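Asker: Checked TrEMBL, it gives:
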type: TRANSMEM; residues: A:38-63; note: transmembrane segment
type: TRANSMEM; residues: A:83-105; note: transmembrane segment
type: TRANSMEM; residues: A:117-138; note: transmembrane segment
type: TRANSMEM; residues: A:144-169; note: transmembrane segment
type: TRANSMEM; residues: A:181-205; note: transmembrane segment
type: TRANSMEM; residues: A:225-244; note: transmembrane segment
Amino acid sequence: MSYLHNIGQYFLMIKAMFRKPTKWSVMRHLIFKDIDDLIINSLGIVAFIAFFVGGVVTIQTALNMTSPLIPKTLVGFATRQSVILEFAPTFISIIMAGKVGSFITSSIGTMRVTEQIDALEVMGINAINYLVFPKFVALMLYPFLISIAMFLGILGGLAASVIGGFVSLDDYIAGIQLDFIPFHVAYAFIKTFVFAFLLATIPSYYGYYMKGGALEVGKASTTSFVWTSVAIILLNYILTQMLLS
Amino acid sequence: MIEVNDIHKSFGDSKILKGISTTFEKGKTNLVIGQSGSGKTVFLKTLLGLFEPDQGSIIYDGTDYSDLTPDEKSDLRSKMGMVFQGSALFDSMTIAENVKFPLRMFTKQSKSEMNDRVDLVLKRVNLDDAHNKLPSEASGGMQKRVAIARAIVNQPRFLFCDEPNSGLDPRTATVIDNLIQEITHEYDITTIINTHDMNSVMEIGQKIIFLKNGIKEWEGSNKNIFKTDNEAVTDFVYSSDLFKRVQKMYLEEDM
């Protein structure tokens, strides 16, 4: 029953997010602040992880293709496919569920604990719109982050293959251009938008409706990470089934 | 003026408010007192519109809250100022930004008009040089004064304070009590203060209601609270030795 209650309350929160909007002059500042907190401040970690995981994907692929019958261009091809289709949109999103998600839950949860949300409600402000909507708008720039992850993942693969001597530069470049299907990029960005929505709303839900004190803020952050990850993995499966099969 | 008529509020099986009726007059400091768990906070949050009563009505200056649409309720709430027990200042904003916040949200004033109003209100609460401090850099007493400034900046019709001097030393608590009383008279607003601080009762309790187990047990003023023979009130009031001595003094005066 509590699962159903939570799901119902989550959808009511989403409805409330679009009701009684905050004054634009105030909202504009909140959106820019959240773009800075959620997108710009994540650039470093996303770039670092994407570059090195791209390199590891290349090394693993190269090391496991021992047959001389398999063309070397396949290393670049496999890296590109892995990075664009799954690594950048899905696994970066799981990482972001930890980084951005726990930030959102703890910041909104702390506002709940210290009665700052009550203060907003007493003033007659739609606190859900004030707190959640700017995060939703900011995370609509999330595909920009994923584009960087895609680029750096493939670049990391190139660096690993050339520095490690697994594949030549020409073979890698030929591989990443091999059988390119533009819809795969569209598929990746469709997923990214859906995950951005989940990243903005699920952690906000757990922060907004939390009860208790400082200890519960920590628990809410953990719960929000778990459920955001579960939702991302499930929707990844459903979207892949719908769009690619 | 706020008229409360027979309000009830339950959470699950537990009945918190069991039919409270009273009137809070404009221009007076109205105090709600009672022991912890007596229903004071739920009562205050119900008056603020944060909880809907299960039964009964609350009438704000002639307007029944239950007759209003959600947007009208929000509009009415924007006429209310609230001082929370923990101040509830927005920790990402400076003190001046905290005070300016209601003006930015609800008025069309220019930047300079807003800044002038913030200066005036901060001066009123004796914080003219704290504009750029963050709430975390302010003392408890300062935070309470900022919360009062934020509550009155948009000229509310109703001011609610939840234990405004809890955690403050007696001297600062008196300063806060006097400030609230002065503002109530100056702005001619309806002020309701939740407290269990007997110093506040003595200092500013122009009207007092005493709650026990969700029921209004007694109603009066600081003039007659020490003379009542209501057992629940006397138990509460004279729970400290200091006030037993005060009672003795009052009785001696009467003789």
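Glycine too: its Cβ is placed from the backbone N, Cα and C atoms.
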Asker: State the residues, same chain only, that lie 6 or more residues beyond the ends of the transmembrane segment (A:117-138) and have a CB under 8 A from a CB inside it; answer 'none' if no residue qualifies.
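Answerer: Sequence-remote neighbours of the transmembrane segment (A:117-138) are 13, 16-22, 26-27, 30-31, 33-35, 37-39, 104, 108, 111, 197, 200-201, 204, 208.
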Asker: Using a cut-off of under 8 Å between C-beta atoms, tell me which stretch among A:83-105, A:181-205, A:225-244 contacts the transmembrane segment (A:38-63) the most.
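Answerer: It is A:83-105, which has the most Cβ pairs under 8 Å.
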Asker: Please work out which recorded stretch in A:144-169, A:181-205, A:225-244 has the most C-beta pairs separated by under 8 angstroms from the transmembrane segment (A:83-105)?
Answerer: A:181-205
Asker: Who are the long-range neighbours of the transmembrane segment (A:225-244) in its own chain, taking Cβ under 8 Å and residues 6 or more past its ends?
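Answerer: Here the qualifying positions are 90, 93-94, 97-98, 101-102, 187, 190-191, 194-195, 198-199, 202-203, 206.
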